[in-house]
Amino acid sequence: LLLLLEATLLWLGSGFHPPFYNGFYYNRIMNDKGNGQEKVVYFNGDSLVVETPKDPIYSSNGANVTLPCYYHYEREMEGKRKIRIKWSKLRDDYTKEEDVLVAIGKTTMAFGDFRGRAHLRQSGQREASLVVSDVRLRDDGKYRCEVIDGLEDGNNVVDLRLKGVVFPYQPPRGQYRLNFHEAERVCQEQGAILATFNQLFQAWTEGLDWCNAGWLADGTVQYPIRLPRKPCGGLHLAPGIRSYGPRDRHLHRFDAFCFSSTLRGEVFYLDRPDGMTLEEAKQSCQDAGAEIARVGHLYSAWKFQGLDRCDAGWLADGSVRYPIAKPRANCGPTEPGVRTFGFPSKGRFGVFCYKER
C-alpha cells in the first residue's frame, strides 16, 4: 500500500496530466457513417443559437397563433446530424414541462391536448416556429423551443398570452366554501378556468379591486387591491396583489378567480312582461336555439363585445346579473362592470342566452 501511495505521489508530482479541455469531452460516440468506428469530439462551447420574441405573443380563444422560433450557428460545424425540434409548455415555476410536439426531419408528433392542433412552420431556412390552431384557455403560458443538432442543443422561451377577463366567483352557498379542486370545477362550469397570477396581475392593472381571497391556478390564494382599506390588509399597505401563499388544496377553502377569453358566439337577452323563473329561462334559451349563458360568457361579452344591459337576467348557475359598459343613473355604481343580485331562491327575471356562431 505504501509503495502504491508513493508511486501515485511521484506520478502527480511529475507534472504529467491528461489534457484538459475548456468545455465538454465526448468519447465513444458513433460517427455518422454508421461503420461502428469510434470518434472523439472536443466541444468548446455552444454554437447553436435559438431565437424567440422577447415580447409576449397575444391571441384569443378559438384563434390560430404562431409562436416564432429560429436558430443559427455562431460557428459552422461539419457533419451536421438530422435536426430535432422539441416544443414543450412550462409551468409557472418551471418545475415541470408538458410535451407539445417533437419533430425529426419531416416526421412530427404532437401530444395530449395538442394532437391535431399543433404543427411546425418551416417556411424559412432554419425556422422551427410552432403553429397552434383553435387556441384554448389552457394554452395560455410559456413555451420552450428546443433545437438539437447532434451534440449541439439550444433553446429559448415564448410567452403566449390570451386576451381575457378575470372575475371573482363565489358559489351559491356563500363565501369561502371552495377547496382548490372545487374552485377548478366551478370555473370550468362557468366557461372559464382558474386564473394564473399573471392574469390576475393584468386584471389588477386594468382596475380589478376585490377584497375576498381566491384560488389561482398554481394553488396560491391571493386578491387584488387598488384602494387600500382596513378590512383588506390595512391602510398602511400599498395597492397591489395580497397573497396568502400556497394553501392546502384539500383542506383550505376560499373563493376562486376565474379567467375567460373572447367568445366564439354571442350573448343576447330575452324577457317576458312578467319575467321568468330559472327553469322557464332555460327553456326560453333552448327555444331560441341557444343555451342559458354562463358567468364567463357574460363577463366576456361585457369585456370584448361591449354588452350593456341595465336589466337583470338569469345565468346558468342560478345567479342573476347584468353587464354595464356605460355607467348611468339607476344602473349601479359609477364604474363599468357586471352587477350581481346574488342567487335568489325565487323571483322572475329576464335571461341571458349564449349561442355559438
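Yeah, the Cβs are placed from backbone N, Cα and C, and that goes for glycine too.
Here TrEMBL flags 1-15 as signal peptide. Per TrEMBL, the feature domain 'Ig-like' maps to 47-163. The domain 'Link' annotation in TrEMBL covers 165-260, 266-355. What TrEMBL records for Cys211-Cys232, Cys310-Cys331 is disulfide bond.
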### Query
Which one, from the disulfide-bonded residues Cys211, Cys232, has the smallest tally of other C-beta atoms lying within 10 Å of its C-beta?
Cys211
## Note on the structure
Close in space but at least six residues away in sequence, with Cβ under 8 Å from that of Cys310 (disulfide bond), the same-chain residues are Tyr322, Ile324, Arg328, Asn330, Cys331
### Query
Helix, strand, coil residue numbers for the domain 'Link' (165-260) per DSSP?
22 helix, 30 strand, 44 coil
### Message
Give me the DSSP three-state residue breakdown of the domain 'Link' (266-355), ordered helix, strand, coil.
### Response
20 helix, 26 strand, 44 coil
